[in-house]
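**Student:** OK, TrEMBL features for this one:
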{"type": "REGION", "residues": "1-63", "note": "region 'Disordered'"}
{"type": "COMPBIAS", "residues": "7-21", "note": "compositional bias 'Basic and acidic residues'"}
{"type": "DOMAIN", "residues": "92-122", "note": "domain '4Fe-4S ferredoxin-type'"}
{"type": "DOMAIN", "residues": "142-166", "note": "domain '4Fe-4S ferredoxin-type'"}
{"type": "REGION", "residues": "524-546", "note": "region 'Disordered'"}
Amino acid sequence: MAMSPEPSDRPGDPCPEETHGGRPPAGQDSGGRGTGGAARPADRAAAEVVGARGPLSVGQGGPVAATAASATVGLGMPGSGPPPGGPFDAHHPPDAALIGDCVHCGFCLPTCPTYVLWGEEMDSPRGRIDLMKGALEGDAFDASSVRHLDQCLGCMACVTACPSGVQYDKLIEATRAQLERRVERPRAERLLRDAVFAVFPYPRRLRALRGPLRAYQTAGLGRLLARSGLLDRLPGPLRAMESLAPKLGRTRPLPPHVPARGARRATVGLLTGCVQGAFFPDVNAATARVLAAEGCEVVVPRGQGCCGALSAHAGREPEALGFAKRVIETFEGARGGAGVDAVVVNAAGCGSHLKEYAHLLRDEPGWPERAAALATKVRDITELLDELGPVAERHPLPVAVAYQDACHLAHAQQVRDQPRRLLRGVPGVEVRELAEAEICCGSAGTYNLLHPEPAAELGARKARAVLATGADLMVTANPGCWMQVATTLAGMGERMPVAHTVQVLDASIRGVPVERVLARALDGPGTALPPARPAGARPPRGGAPG
Ligand code: SF4
Ligand code: SF4
(Lines of atoms letter the chains of each structure in order from A and count residues from 1; the text may use other names and numbers.)
(Lines give C-alpha, C1' and ligand atoms only; values in the text may rest on other atoms or scores of the structure.)
(Ligands and ions follow the chains in the order given, each with its own letter.)
Protein backbone atom coordinates (compact mmCIF):
# COMPACT_ATOMS: atom_id res chain seq x y z
CA MET A 1 0.00 0.00 0.00
CA ALA A 2 1.31 3.39 -0.83
CA MET A 3 2.27 5.31 2.23
CA SER A 4 2.76 8.97 2.83
CA PRO A 5 6.09 10.66 2.39
CA GLU A 6 7.55 10.55 5.84
CA PRO A 7 7.21 7.29 7.72
CA SER A 8 9.32 8.56 10.59
CA ASP A 9 6.91 11.38 11.42
CA ARG A 10 3.37 10.26 11.44
CA PRO A 11 1.49 13.50 11.88
CA GLY A 12 -2.02 14.29 12.93
CA ASP A 13 -3.30 17.96 12.17
CA PRO A 14 -5.67 20.86 11.67
CA CYS A 15 -4.29 23.83 10.04
CA PRO A 16 -3.21 27.19 8.43
CA GLU A 17 -1.92 29.70 3.30
CA GLU A 18 0.31 32.79 0.83
CA THR A 19 1.94 36.32 -0.73
CA HIS A 20 3.09 39.07 -2.89
CA GLY A 21 6.02 41.22 -3.30
CA GLY A 22 4.83 44.73 -3.51
CA ARG A 23 2.27 46.43 -5.60
CA PRO A 24 3.19 48.18 -8.76
CA PRO A 25 2.43 51.86 -8.84
CA ALA A 26 -1.21 52.64 -9.47
CA GLY A 27 -1.98 52.44 -13.11
CA GLN A 28 0.86 50.04 -13.84
CA ASP A 29 -0.79 46.83 -12.79
CA SER A 30 -0.34 44.45 -15.64
CA GLY A 31 -2.61 41.84 -14.16
CA GLY A 32 -5.68 43.15 -15.78
CA ARG A 33 -6.79 41.15 -18.74
CA GLY A 34 -9.86 42.50 -20.35
CA THR A 35 -11.12 44.20 -17.26
CA GLY A 36 -7.82 45.89 -16.55
CA GLY A 37 -6.18 46.33 -13.21
CA ALA A 38 -8.36 49.11 -11.86
CA ALA A 39 -11.86 48.93 -10.50
CA ARG A 40 -14.74 49.89 -12.71
CA PRO A 41 -16.92 52.75 -11.43
CA ALA A 42 -19.73 50.38 -10.42
CA ASP A 43 -17.30 48.14 -8.64
CA ARG A 44 -15.68 51.07 -6.91
CA ALA A 45 -19.11 52.03 -5.60
CA ALA A 46 -19.63 48.48 -4.40
CA ALA A 47 -16.24 48.55 -2.75
CA GLU A 48 -17.06 51.77 -0.96
CA VAL A 49 -20.22 50.20 0.40
CA VAL A 50 -18.13 47.59 2.15
CA GLY A 51 -15.45 50.03 3.23
CA ALA A 52 -12.81 49.28 0.61
CA ARG A 53 -10.21 51.80 -0.27
CA GLY A 54 -10.17 52.86 -3.89
CA PRO A 55 -7.52 51.34 -6.08
CA LEU A 56 -5.60 54.59 -6.26
CA SER A 57 -5.12 54.53 -2.51
CA VAL A 58 -3.33 51.20 -2.71
CA GLY A 59 0.26 51.87 -2.03
CA GLN A 60 -0.54 55.32 -0.72
CA GLY A 61 -2.36 55.04 2.54
CA GLY A 62 -1.89 53.23 5.80
CA PRO A 63 0.73 50.92 7.13
CA VAL A 64 -0.27 48.04 4.91
CA ALA A 65 0.15 50.02 1.75
CA ALA A 66 3.37 51.52 2.98
CA THR A 67 4.99 48.22 3.68
CA ALA A 68 3.18 45.90 1.32
CA ALA A 69 6.17 45.32 -0.92
CA SER A 70 8.27 43.85 1.83
CA ALA A 71 5.56 42.51 4.07
CA THR A 72 3.98 40.01 1.76
CA VAL A 73 6.28 37.39 0.47
CA GLY A 74 5.78 36.72 -3.18
CA LEU A 75 6.38 37.37 -6.76
CA GLY A 76 7.14 40.73 -8.15
CA MET A 77 10.42 40.57 -6.27
CA PRO A 78 13.82 40.26 -7.88
CA GLY A 79 14.33 36.80 -9.31
CA SER A 80 10.71 36.11 -10.04
CA GLY A 81 9.33 35.80 -13.50
CA PRO A 82 6.77 34.17 -15.66
CA PRO A 83 6.78 30.39 -15.83
CA PRO A 84 8.78 29.07 -18.75
CA GLY A 85 6.89 27.67 -21.72
CA GLY A 86 3.49 29.21 -21.01
CA PRO A 87 1.44 29.58 -17.86
CA PHE A 88 -0.12 26.15 -17.48
CA ASP A 89 1.06 22.62 -18.14
CA ALA A 90 -1.23 19.76 -19.18
CA HIS A 91 -1.78 18.37 -15.68
CA HIS A 92 -5.16 19.65 -14.53
CA PRO A 93 -5.09 23.27 -15.58
CA PRO A 94 -8.15 25.17 -14.30
CA ASP A 95 -11.25 23.84 -16.05
CA ALA A 96 -12.37 26.11 -18.90
CA ALA A 97 -16.00 25.03 -18.40
CA LEU A 98 -15.90 26.11 -14.75
CA ILE A 99 -14.32 29.40 -15.77
CA GLY A 100 -17.11 29.84 -18.31
CA ASP A 101 -19.68 29.66 -15.50
CA CYS A 102 -18.65 33.13 -14.36
CA VAL A 103 -20.97 35.73 -15.85
CA HIS A 104 -19.03 38.67 -14.41
CA CYS A 105 -21.98 39.85 -12.33
CA GLY A 106 -19.77 41.03 -9.45
CA PHE A 107 -22.02 39.72 -6.65
CA CYS A 108 -18.97 38.10 -5.10
CA LEU A 109 -16.94 41.29 -4.87
CA PRO A 110 -18.24 42.70 -1.55
CA THR A 111 -17.50 39.42 0.23
CA CYS A 112 -13.95 39.05 -1.06
CA PRO A 113 -11.54 40.18 1.66
CA THR A 114 -8.80 41.33 -0.71
CA TYR A 115 -11.27 43.30 -2.78
CA VAL A 116 -12.69 44.78 0.38
CA LEU A 117 -9.19 45.83 1.43
CA TRP A 118 -7.98 47.25 -1.85
CA GLY A 119 -10.94 47.72 -4.19
CA GLU A 120 -8.80 46.25 -6.94
CA GLU A 121 -10.49 44.25 -9.71
CA MET A 122 -7.60 41.84 -10.10
CA ASP A 123 -7.76 41.14 -6.37
CA SER A 124 -11.37 40.01 -6.69
CA PRO A 125 -12.72 36.56 -7.59
CA ARG A 126 -13.88 37.86 -10.97
CA GLY A 127 -10.49 39.36 -11.70
CA ARG A 128 -8.67 36.20 -10.70
CA ILE A 129 -10.97 34.08 -12.84
CA ASP A 130 -10.19 36.44 -15.70
CA LEU A 131 -6.48 35.88 -15.14
CA MET A 132 -7.00 32.11 -15.28
CA LYS A 133 -9.04 32.45 -18.46
CA GLY A 134 -6.36 34.57 -20.08
CA ALA A 135 -3.67 32.08 -19.12
CA LEU A 136 -5.70 29.22 -20.57
CA GLU A 137 -5.90 31.20 -23.79
CA GLY A 138 -2.13 31.60 -23.82
CA ASP A 139 -1.45 34.89 -22.01
CA ALA A 140 1.81 34.63 -20.12
CA PHE A 141 1.69 35.27 -16.39
CA ASP A 142 3.85 38.09 -15.16
CA ALA A 143 4.83 38.78 -11.59
CA SER A 144 1.78 40.96 -11.08
CA SER A 145 -0.76 38.37 -12.17
CA VAL A 146 0.89 35.71 -10.02
CA ARG A 147 0.81 38.11 -7.09
CA HIS A 148 -2.93 38.67 -7.49
CA LEU A 149 -3.48 34.92 -7.46
CA ASP A 150 -1.18 34.45 -4.49
CA GLN A 151 -3.05 37.10 -2.55
CA CYS A 152 -6.28 35.09 -2.62
CA LEU A 153 -6.94 33.76 0.87
CA GLY A 154 -8.82 30.70 -0.36
CA CYS A 155 -11.61 31.68 2.03
CA MET A 156 -14.41 30.64 -0.40
CA ALA A 157 -16.66 33.54 0.55
CA CYS A 158 -17.03 34.03 -3.22
CA VAL A 159 -18.38 30.50 -3.58
CA THR A 160 -21.12 31.27 -1.08
CA ALA A 161 -21.92 34.61 -2.70
CA CYS A 162 -21.95 33.46 -6.34
CA PRO A 163 -25.48 33.06 -7.76
CA SER A 164 -24.10 31.20 -10.79
CA GLY A 165 -22.51 28.41 -8.78
CA VAL A 166 -18.97 29.12 -9.93
CA GLN A 167 -16.67 26.54 -8.34
CA TYR A 168 -13.89 28.96 -7.51
CA ASP A 169 -12.52 26.49 -4.97
CA LYS A 170 -11.65 24.01 -7.74
CA LEU A 171 -10.28 26.78 -9.95
CA ILE A 172 -7.92 28.28 -7.42
CA GLU A 173 -6.72 24.89 -6.22
CA ALA A 174 -5.84 23.85 -9.80
CA THR A 175 -4.18 27.21 -10.42
CA ARG A 176 -2.13 27.03 -7.25
CA ALA A 177 -0.80 23.59 -8.14
CA GLN A 178 0.24 24.99 -11.53
CA LEU A 179 1.95 27.99 -9.95
CA GLU A 180 3.75 25.75 -7.51
CA ARG A 181 5.16 23.66 -10.38
CA ARG A 182 5.72 26.38 -12.93
CA VAL A 183 6.78 29.51 -11.13
CA GLU A 184 10.29 30.15 -9.88
CA ARG A 185 9.88 32.11 -6.69
CA PRO A 186 12.45 34.41 -5.16
CA ARG A 187 14.96 32.67 -2.93
CA ALA A 188 13.76 34.30 0.29
CA GLU A 189 10.21 33.24 -0.39
CA ARG A 190 11.25 29.71 -1.31
CA LEU A 191 13.14 29.35 1.93
CA LEU A 192 10.23 30.66 3.96
CA ARG A 193 7.74 28.36 2.27
CA ASP A 194 10.07 25.38 2.63
CA ALA A 195 10.50 26.14 6.31
CA VAL A 196 6.75 26.47 6.91
CA PHE A 197 5.99 23.24 5.08
CA ALA A 198 8.83 21.38 6.73
CA VAL A 199 7.23 21.98 10.13
CA PHE A 200 3.50 22.62 10.19
CA PRO A 201 2.20 19.42 8.60
CA TYR A 202 4.31 17.26 10.92
CA PRO A 203 2.98 16.83 14.46
CA ARG A 204 6.17 15.27 15.74
CA ARG A 205 8.18 18.29 14.58
CA LEU A 206 5.56 20.65 16.00
CA ARG A 207 5.75 18.83 19.30
CA ALA A 208 9.55 19.11 19.22
CA LEU A 209 9.16 22.87 18.90
CA ARG A 210 6.96 23.06 21.96
CA GLY A 211 9.85 22.74 24.46
CA PRO A 212 11.95 25.64 23.11
CA LEU A 213 8.82 27.71 22.53
CA ARG A 214 7.60 27.17 26.08
CA ALA A 215 11.02 28.13 27.43
CA TYR A 216 10.95 31.28 25.24
CA GLN A 217 7.51 32.17 26.55
CA THR A 218 8.26 31.39 30.18
CA ALA A 219 11.48 33.43 30.17
CA GLY A 220 9.70 36.38 28.60
CA LEU A 221 12.23 36.54 25.76
CA GLY A 222 9.68 38.20 23.50
CA ARG A 223 9.62 41.27 25.75
CA LEU A 224 13.44 41.35 25.83
CA LEU A 225 13.58 41.13 22.03
CA ALA A 226 11.00 43.89 21.77
CA ARG A 227 12.90 46.15 24.18
CA SER A 228 16.19 45.56 22.35
CA GLY A 229 14.61 46.46 19.03
CA LEU A 230 15.51 43.07 17.54
CA LEU A 231 11.87 42.12 17.12
CA ASP A 232 11.37 45.02 14.75
CA ARG A 233 14.30 43.86 12.63
CA LEU A 234 12.87 40.40 12.04
CA PRO A 235 11.26 39.84 8.64
CA GLY A 236 7.46 40.25 8.70
CA PRO A 237 6.70 36.52 8.50
CA LEU A 238 8.95 35.78 11.48
CA ARG A 239 7.40 38.61 13.49
CA ALA A 240 3.99 37.19 12.63
CA MET A 241 5.03 33.73 13.79
CA GLU A 242 6.38 35.16 17.03
CA SER A 243 3.21 37.05 17.81
CA LEU A 244 0.80 34.30 16.76
CA ALA A 245 2.27 31.52 18.88
CA PRO A 246 -0.32 30.69 21.53
CA LYS A 247 0.35 30.01 25.18
CA LEU A 248 1.48 26.44 25.54
CA GLY A 249 0.28 24.15 28.27
CA ARG A 250 0.96 20.52 29.03
CA THR A 251 -0.26 17.99 26.50
CA ARG A 252 -1.59 14.59 27.43
CA PRO A 253 -2.21 12.26 24.50
CA LEU A 254 -5.78 11.05 24.23
CA PRO A 255 -6.34 7.38 24.97
CA PRO A 256 -6.79 5.30 21.79
CA HIS A 257 -10.28 4.35 22.85
CA VAL A 258 -12.88 6.32 24.80
CA PRO A 259 -16.03 4.34 25.61
CA ALA A 260 -19.49 5.79 25.11
CA ARG A 261 -21.37 6.84 28.23
CA GLY A 262 -24.66 4.99 28.37
CA ALA A 263 -26.08 3.30 25.31
CA ARG A 264 -23.75 3.48 22.32
CA ARG A 265 -25.23 5.50 19.47
CA ALA A 266 -22.24 5.52 17.09
CA THR A 267 -18.58 4.63 16.81
CA VAL A 268 -16.53 7.53 15.56
CA GLY A 269 -12.89 8.14 14.70
CA LEU A 270 -11.33 11.43 15.82
CA LEU A 271 -8.84 13.34 13.66
CA THR A 272 -6.55 14.94 16.21
CA GLY A 273 -4.77 17.26 13.80
CA CYS A 274 -1.30 18.85 13.71
CA VAL A 275 -1.82 22.37 15.04
CA GLN A 276 -4.86 21.34 17.06
CA GLY A 277 -2.97 18.48 18.65
CA ALA A 278 0.19 20.45 19.43
CA PHE A 279 -1.23 23.83 20.46
CA PHE A 280 -4.86 23.17 21.41
CA PRO A 281 -4.91 19.86 23.29
CA ASP A 282 -7.84 21.05 25.40
CA VAL A 283 -10.02 21.15 22.28
CA ASN A 284 -9.29 17.53 21.41
CA ALA A 285 -9.88 16.45 25.00
CA ALA A 286 -13.20 18.33 25.11
CA THR A 287 -14.21 16.79 21.77
CA ALA A 288 -13.63 13.27 23.04
CA ARG A 289 -15.51 13.96 26.30
CA VAL A 290 -18.53 15.50 24.57
CA LEU A 291 -18.71 12.67 22.03
CA ALA A 292 -18.58 10.09 24.80
CA ALA A 293 -21.20 11.96 26.82
CA GLU A 294 -23.47 11.98 23.76
CA GLY A 295 -23.21 8.20 23.40
CA CYS A 296 -20.32 7.89 20.94
CA GLU A 297 -17.54 5.39 21.26
CA VAL A 298 -14.45 7.34 20.24
CA VAL A 299 -11.51 5.77 18.44
CA VAL A 300 -8.34 7.85 18.30
CA PRO A 301 -6.05 6.04 15.83
CA ARG A 302 -2.38 6.20 16.65
CA GLY A 303 0.00 7.51 14.01
CA GLN A 304 -2.55 9.55 12.14
CA GLY A 305 -0.86 12.16 10.03
CA CYS A 306 -1.60 15.58 8.62
CA CYS A 307 -4.71 15.64 6.45
CA GLY A 308 -2.75 17.66 3.86
CA ALA A 309 -5.02 20.70 3.81
CA LEU A 310 -2.14 23.15 4.15
CA SER A 311 -0.21 21.50 1.35
CA ALA A 312 -3.20 21.25 -1.00
CA HIS A 313 -4.22 24.85 -0.45
CA ALA A 314 -0.67 25.94 -1.28
CA GLY A 315 -0.57 23.84 -4.47
CA ARG A 316 1.85 21.24 -3.11
CA GLU A 317 -0.01 18.40 -4.78
CA PRO A 318 2.38 15.43 -4.38
CA GLU A 319 2.72 16.17 -0.68
CA ALA A 320 -1.06 16.53 -0.28
CA LEU A 321 -1.64 13.20 -2.04
CA GLY A 322 0.73 11.41 0.31
CA PHE A 323 -0.89 12.87 3.41
CA ALA A 324 -4.39 12.03 2.17
CA LYS A 325 -3.48 8.39 1.50
CA ARG A 326 -2.09 7.99 4.98
CA VAL A 327 -5.22 9.43 6.58
CA ILE A 328 -7.42 7.09 4.53
CA GLU A 329 -5.34 4.07 5.52
CA THR A 330 -5.36 5.12 9.14
CA PHE A 331 -9.13 5.37 9.42
CA GLU A 332 -9.76 2.28 7.29
CA GLY A 333 -7.61 0.41 9.77
CA ALA A 334 -9.42 1.75 12.85
CA ARG A 335 -11.17 -0.82 15.05
CA GLY A 336 -9.00 -3.60 13.66
CA GLY A 337 -10.04 -2.81 10.09
CA ALA A 338 -13.76 -2.66 10.83
CA GLY A 339 -13.67 1.09 10.31
CA VAL A 340 -15.82 3.70 12.01
CA ASP A 341 -19.29 5.12 11.37
CA ALA A 342 -17.98 8.66 11.09
CA VAL A 343 -14.68 10.54 11.09
CA VAL A 344 -15.03 13.56 13.33
CA VAL A 345 -13.00 16.71 12.72
CA ASN A 346 -12.86 19.75 14.98
CA ALA A 347 -10.77 22.04 12.75
CA ALA A 348 -12.69 23.63 9.89
CA GLY A 349 -9.81 23.68 7.39
CA CYS A 350 -9.12 19.99 7.86
CA GLY A 351 -12.78 18.98 7.66
CA SER A 352 -13.38 20.79 4.40
CA HIS A 353 -10.26 19.22 2.89
CA LEU A 354 -11.15 15.68 3.95
CA LYS A 355 -14.53 16.08 2.29
CA GLU A 356 -12.70 16.80 -1.00
CA TYR A 357 -10.47 13.71 -0.94
CA ALA A 358 -12.27 12.00 -3.84
CA HIS A 359 -11.51 14.97 -6.09
CA LEU A 360 -7.92 15.20 -4.89
CA LEU A 361 -7.25 11.49 -5.49
CA ARG A 362 -9.21 11.19 -8.75
CA ASP A 363 -6.13 10.23 -10.82
CA GLU A 364 -4.57 7.82 -8.34
CA PRO A 365 -5.26 4.19 -9.33
CA GLY A 366 -7.21 2.34 -6.64
CA TRP A 367 -7.78 5.40 -4.50
CA PRO A 368 -10.86 7.33 -5.69
CA GLU A 369 -13.36 4.85 -4.20
CA ARG A 370 -11.48 4.65 -0.92
CA ALA A 371 -11.23 8.43 -0.81
CA ALA A 372 -14.96 8.80 -1.50
CA ALA A 373 -15.80 6.24 1.17
CA LEU A 374 -13.85 8.20 3.76
CA ALA A 375 -15.13 11.57 2.60
CA THR A 376 -18.75 10.53 3.03
CA LYS A 377 -18.02 9.71 6.67
CA VAL A 378 -16.40 13.03 7.52
CA ARG A 379 -18.34 15.28 9.86
CA ASP A 380 -17.45 18.45 11.61
CA ILE A 381 -17.98 17.87 15.32
CA THR A 382 -20.93 20.29 15.30
CA GLU A 383 -22.54 18.54 12.32
CA LEU A 384 -22.40 15.18 14.03
CA LEU A 385 -23.66 16.41 17.39
CA ASP A 386 -26.50 18.26 15.69
CA GLU A 387 -27.43 15.17 13.68
CA LEU A 388 -27.40 12.96 16.76
CA GLY A 389 -29.32 15.35 18.96
CA PRO A 390 -28.45 15.86 22.63
CA VAL A 391 -28.80 13.19 25.29
CA ALA A 392 -26.37 14.57 27.89
CA GLU A 393 -27.82 17.06 30.32
CA ARG A 394 -26.76 20.68 29.78
CA HIS A 395 -26.06 22.79 32.86
CA PRO A 396 -26.58 26.53 32.66
CA LEU A 397 -23.71 28.68 31.40
CA PRO A 398 -24.74 32.31 31.57
CA VAL A 399 -22.46 33.84 28.98
CA ALA A 400 -22.77 36.04 25.90
CA VAL A 401 -20.92 34.44 23.03
CA ALA A 402 -19.62 36.10 19.85
CA TYR A 403 -19.71 33.26 17.32
CA GLN A 404 -17.10 33.66 14.61
CA ASP A 405 -17.77 31.66 11.44
CA ALA A 406 -14.58 29.95 10.28
CA CYS A 407 -14.50 30.30 6.47
CA HIS A 408 -13.82 26.63 5.88
CA LEU A 409 -16.79 25.72 8.03
CA ALA A 410 -19.29 28.32 6.82
CA HIS A 411 -18.27 28.80 3.17
CA ALA A 412 -16.53 25.54 2.30
CA GLN A 413 -18.78 23.17 4.28
CA GLN A 414 -21.92 25.28 4.59
CA VAL A 415 -22.01 24.53 8.31
CA ARG A 416 -23.52 27.60 9.93
CA ASP A 417 -26.71 26.65 11.74
CA GLN A 418 -25.42 23.59 13.57
CA PRO A 419 -22.91 25.33 15.86
CA ARG A 420 -25.40 28.09 16.61
CA ARG A 421 -28.12 25.55 17.45
CA LEU A 422 -25.76 23.65 19.72
CA LEU A 423 -24.68 26.83 21.52
CA ARG A 424 -28.26 28.03 21.93
CA GLY A 425 -29.09 24.61 23.34
CA VAL A 426 -27.04 25.47 26.42
CA PRO A 427 -29.22 27.25 29.00
CA GLY A 428 -27.91 30.77 29.57
CA VAL A 429 -25.85 31.04 26.39
CA GLU A 430 -26.68 34.04 24.27
CA VAL A 431 -25.24 33.92 20.76
CA ARG A 432 -24.33 37.29 19.27
CA GLU A 433 -23.65 37.74 15.57
CA LEU A 434 -20.67 39.60 14.10
CA ALA A 435 -20.92 42.31 11.51
CA GLU A 436 -19.27 41.28 8.22
CA ALA A 437 -19.41 37.66 9.37
CA GLU A 438 -18.66 36.46 5.83
CA ILE A 439 -15.30 38.25 5.63
CA CYS A 440 -12.22 36.18 6.49
CA CYS A 441 -10.22 37.05 9.60
CA GLY A 442 -6.97 36.82 7.62
CA SER A 443 -5.69 33.59 9.11
CA ALA A 444 -6.41 31.36 6.08
CA GLY A 445 -3.98 28.57 6.70
CA THR A 446 -0.49 30.02 6.33
CA TYR A 447 -1.71 33.29 4.82
CA ASN A 448 -1.01 35.27 7.98
CA LEU A 449 2.58 34.01 7.94
CA LEU A 450 3.20 34.56 4.22
CA HIS A 451 1.16 37.77 3.87
CA PRO A 452 1.37 39.29 7.34
CA GLU A 453 0.28 42.83 6.51
CA PRO A 454 -3.04 42.25 4.74
CA ALA A 455 -3.71 39.43 7.19
CA ALA A 456 -3.21 41.87 10.05
CA GLU A 457 -5.63 44.36 8.54
CA LEU A 458 -8.25 41.66 8.21
CA GLY A 459 -7.49 40.48 11.72
CA ALA A 460 -8.03 43.99 13.10
CA ARG A 461 -11.29 44.26 11.17
CA LYS A 462 -12.52 40.98 12.64
CA ALA A 463 -11.32 41.87 16.13
CA ARG A 464 -13.26 45.14 16.01
CA ALA A 465 -16.37 43.21 14.93
CA VAL A 466 -15.93 40.81 17.84
CA LEU A 467 -15.51 43.66 20.33
CA ALA A 468 -18.57 45.43 18.96
CA THR A 469 -20.77 42.52 20.04
CA GLY A 470 -19.92 43.22 23.70
CA ALA A 471 -19.76 39.45 24.24
CA ASP A 472 -17.88 37.81 27.10
CA LEU A 473 -16.40 35.03 25.00
CA MET A 474 -15.47 34.52 21.37
CA VAL A 475 -16.24 31.08 20.00
CA THR A 476 -14.79 29.66 16.81
CA ALA A 477 -14.17 26.32 15.09
CA ASN A 478 -10.66 26.65 13.70
CA PRO A 479 -7.30 26.94 15.43
CA GLY A 480 -6.08 29.43 12.81
CA CYS A 481 -8.97 31.85 13.42
CA TRP A 482 -8.50 31.44 17.15
CA MET A 483 -4.82 32.45 17.05
CA GLN A 484 -5.41 35.23 14.54
CA VAL A 485 -8.24 36.99 16.35
CA ALA A 486 -6.99 36.35 19.89
CA THR A 487 -3.55 37.71 19.02
CA THR A 488 -4.99 40.73 17.27
CA LEU A 489 -7.21 41.50 20.25
CA ALA A 490 -4.24 41.17 22.58
CA GLY A 491 -2.22 43.51 20.34
CA MET A 492 -5.04 46.04 20.67
CA GLY A 493 -4.89 45.77 24.45
CA GLU A 494 -8.19 43.89 24.47
CA ARG A 495 -7.34 40.33 25.53
CA MET A 496 -10.51 38.29 25.40
CA PRO A 497 -11.51 34.73 26.33
CA VAL A 498 -11.67 32.45 23.28
CA ALA A 499 -12.95 28.89 23.05
CA HIS A 500 -14.00 26.25 20.56
CA THR A 501 -17.72 25.46 20.29
CA VAL A 502 -17.12 22.01 21.69
CA GLN A 503 -15.43 23.45 24.79
CA VAL A 504 -18.59 25.42 25.61
CA LEU A 505 -20.64 22.23 25.28
CA ASP A 506 -18.13 20.31 27.37
CA ALA A 507 -18.21 22.92 30.15
CA SER A 508 -22.00 22.87 30.17
CA ILE A 509 -22.24 19.08 30.26
CA ARG A 510 -19.69 18.90 33.11
CA GLY A 511 -21.28 21.78 35.00
CA VAL A 512 -18.15 23.93 35.07
CA PRO A 513 -18.88 27.37 36.57
CA VAL A 514 -18.80 30.14 34.00
CA GLU A 515 -16.05 32.01 35.85
CA ARG A 516 -13.73 29.05 35.44
CA VAL A 517 -14.65 28.67 31.81
CA LEU A 518 -13.84 32.32 31.11
CA ALA A 519 -10.61 32.23 33.12
CA ARG A 520 -9.39 29.15 31.26
CA ALA A 521 -10.42 30.68 27.93
CA LEU A 522 -8.41 33.79 28.78
CA ASP A 523 -5.26 32.26 30.26
CA GLY A 524 -5.27 28.55 29.51
CA PRO A 525 -3.40 26.67 26.79
CA GLY A 526 -3.99 28.06 23.31
CA THR A 527 -4.77 31.57 24.52
CA ALA A 528 -2.98 34.65 23.29
CA LEU A 529 -0.07 35.87 25.37
CA PRO A 530 0.08 39.52 26.30
CA PRO A 531 1.93 41.22 23.45
CA ALA A 532 5.72 41.54 23.76
CA ARG A 533 5.16 45.29 23.61
CA PRO A 534 2.36 46.81 25.68
CA ALA A 535 -0.64 48.00 23.73
CA GLY A 536 -0.16 51.57 22.69
CA ALA A 537 3.61 51.23 22.39
CA ARG A 538 3.26 50.68 18.67
CA PRO A 539 0.43 50.41 16.21
CA PRO A 540 -1.21 46.97 15.98
CA ARG A 541 0.26 44.80 13.26
CA GLY A 542 -0.74 45.97 9.87
CA GLY A 543 -2.85 48.90 10.76
CA ALA A 544 -4.61 50.93 13.29
CA PRO A 545 -7.91 49.52 14.34
CA GLY A 546 -10.33 52.33 14.39
S1 SF4 B 1 -11.41 32.72 -2.03
FE2 SF4 B 1 -11.73 34.53 -0.72
S3 SF4 B 1 -9.93 35.86 -1.15
FE4 SF4 B 1 -10.01 34.33 -2.81
S5 SF4 B 1 -11.18 35.31 -4.46
FE6 SF4 B 1 -12.68 34.12 -3.22
S7 SF4 B 1 -13.47 35.59 -1.67
FE8 SF4 B 1 -11.57 36.51 -2.57
S1 SF4 C 1 -17.73 34.42 -9.59
FE2 SF4 C 1 -19.96 34.34 -9.55
S3 SF4 C 1 -20.57 36.15 -8.37
FE4 SF4 C 1 -18.44 36.47 -8.99
S5 SF4 C 1 -18.56 37.62 -10.92
FE6 SF4 C 1 -18.45 35.41 -11.47
S7 SF4 C 1 -20.60 34.75 -11.65
FE8 SF4 C 1 -20.64 36.72 -10.55
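From the backbone N, Cα and C atoms, a Cβ is placed for every residue, glycine too.
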**Student:** Go ahead and report the DSSP secondary structure tallies for the domain '4Fe-4S ferredoxin-type' (92-122): helix first, then strand, then coil.
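**Tutor:** Once the DSSP states are binned, the domain '4Fe-4S ferredoxin-type' (92-122) shows 16 helix, 0 strand, 15 coil.
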**Student:** Kindly report the helix/strand/coil residue split of the domain '4Fe-4S ferredoxin-type' (142-166) according to DSSP, in that order.
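**Tutor:** Counts, helix then strand then coil: 13 helix, 0 strand, 12 coil.
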**Student:** Over the domain '4Fe-4S ferredoxin-type' (142-166), what does the predicted model average in pLDDT?
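**Tutor:** Its mean pLDDT is 96.
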